[in-house]
Every structure is written in structure tokens, then in C-alpha cells.
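See structure below.
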Amino acid sequence: MLRLSAPGQLDDDLCLLGDVQVPVFLLRLGEASWALVEGGISRDAELVWADLCRWVADPSQVHYWLITHKHYDHCGLLPYLCPRLPNVQVLASERTCQAWKSESAVRVVERLNRQLLRAEQRLPEACAWDALPVRAVADGEWLELGPRHRLQVIEAHGHSDDHVVFYDVRRRRLFCGDALGEFDEAEGVWRPLVFDDMEAYLESLERLQRLPTLLQLIPGHGGLLRGRLAADGAESAYTECLRLCRRLLWRQSMGESLDELSEELHRAWGGQSVDFLPGELHLGSMRRMLEILSRQALPLD
């Protein structure tokens, strides 16, 4: 299968925990050592914890938690599950770590996660964000997680200004967060998610294209991709970003407003993420992206 999207074991060392649309990945590093990748949404705390406990008998053996970026749907579990993992170290970029020390940034993460709670749902006890056991990682740094797990940190800005990805050279596996955008499950292509800077977004995709041919590509939403979907992922995402730029500039040349195309993208793309991305927020994010592209895309003439 080109796409693995069911919770459970994905590879001999890899499991998907929780909801496939906002998953947490579990890496078996050795007989008594584990790592998590991606930080999910707060609503799924007990779901992810239950899945974790099916695979890990002793939570003190979870030693690392790798986070790609600061957005609410990639770190929402941290204050709820870190207190249950006494030996865990959270690894994220310096900018991500700083965001968790910002009262305003934390308020946004908590507010957006509260909007996703089920009826009558209450969140478990949490620690303070600034009490998380974090360590900042840098671009190019090698993370020696275990004897068979050596992952490289690669800066991948553009979607956000703090984004990093994690590359396992041994397995040619890339945990890419939202750096490539959102994988369109109906069409098999990438939908751009440029929420910070278009030039940085494209530069990141160019950099990822220079990696050895990937065997596994693991975005922050939707599961694991294999075959050509993995090998050509960064190239496809680059092409689709330029395609959207051309589409936007053409529509503007015809006198259409950003609002019209924002609404169109929201109607076409919003359904896939509706369970964790409220409609109003999705529409606003489409508008934000088009504003960025409008400012930075090369003109048609």
C-alpha cells in the first residue's frame, strides 16, 4: 500500500497512536527505550495514552518527544502527557521552545484546543507550559536516540517560522510535519500550507528534494506515505505551491478578489481537516496564505 493510515504498527519500529488525522508516532529505540514524534491535540490525551500503554509497559522508558513546530495541533498533548512520562525530554527548535514560554502564544494553543473538546469532555490535569522538559535542537544536529535510530534535524521554515523536520538516514524516513503542506487524500497531491513565508517554504522544499530518495514520508496529518508518494513528495509539494501561485495571480488579473479564491479553497479543501480545524479557522488560514502568496509570488508579466 502506498499509504498506511490505520492506528497501530506501521513498521517494525514504528506505530501510529491516536487519530490518523492528528497522530502521534511511537518509535521503538531498543528493548527499554522509546520516542514519540508529533504532539497532537489536547482532546486526544486519553486516547493517545491508552494506545501508548498498549505498546509500552513502563512509561518511564519513553525518553524523547520530537516536535516539528508550535501550532496547536502539533503540541497540544504535551502539558497533559509529559507529567506521566517521568524521563521524557521534549526536543524542538529554539523558536518552538520560546513560543511555549510566551503567554500569548500559549493562550492561542489552549484556546484552539478547547474549541475541539467533545461535549462534556474535560481535560486531565496538566503541567505549566514553561515547566515542560524541553531541549532546543538546531538545524543540522544529529539526534542519537538509540543504537539504530540516528535522526538529523533539518530546518524547514515557511509553513511556520519555527518548523523543523526529522530525517532518519538509515531508513530514508522523513517526519515532515506540515513542511510539505497537506496531503490531498482524494487526489494524491499536496495542498500548500504557506502560513509564514513563501520563499522560505519553497527553499525548504528544495532542500528536502536534495535528500536521498525517501522510502517513507510521514507528514503531521494522514499517516505514512511510501513508494513514489514518498520519493517525489517534496518535488510534488513544490510544484503544487507554484501552481497555486499561478492560479492566484491569474484570478487576480481577471479582477477576482482574495476572498473569492479563499472561499473556493475552503470549500474544496476544508472537509478533510474539519474534525480538528474549525471551519472559520480554515477559511482564515486560506485567506492568510493567499495574502502571503500575493505579496511574494513573481508577477505573470
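Including glycine, each Cβ sits where the backbone N, Cα and C put it.
So that you can see what the record holds, here are the features copied from Swiss-Prot:
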- HIS69, HIS71, HIS159, ASP178: Fe cation 1 binding site (BINDING)
- ASP73, HIS74, ASP178, HIS221: Fe cation 2 binding site (BINDING)
Quick check for the class: what is the C-alpha distance, in angstrom and rounded, between ASP178 (Fe cation 1 binding site) and ASP73 (Fe cation 2 binding site)?
11
Distant-in-sequence Cβ neighbours of HIS69 (Fe cation 1 binding site), under 8 Å, six or more positions away:
CYS75, ALA92, SER93, THR96, HIS159, SER160, ASP162, HIS163, VAL164, GLY177, ASP178
Neighbour tally for ASP73 (Fe cation 2 binding site), based on other Cβ positions within 10 Å of its Cβ:
23
Whose Cβ lies within 8 Å of the mean position of the Cβ atoms of ASP73, HIS74, ASP178, HIS221, the Fe cation 2 site, other than those residues?
VAL22, GLU38, THR68, HIS69, HIS71, GLY177, GLY220
Let's check the environment of HIS159 (Fe cation 1 binding site): how many other CB atoms sit within 10 Å of its CB?
28
Compute the mean position of the Cβ atoms of HIS69, HIS71, HIS159, ASP178, which form the recorded Fe cation 1 site, and then list in sequence order the other residues of that chain whose Cβ is within 8 Å of it.
THR68, LYS70, HIS74, SER160, HIS163, GLY177, ALA179, LEU193, PHE195, GLY220
Give me the long-range Cβ neighbours of HIS71 (Fe cation 1 binding site): same chain, 6+ apart, Cβ under 8 Å, in sequence order.
VAL109, SER160, ASP178
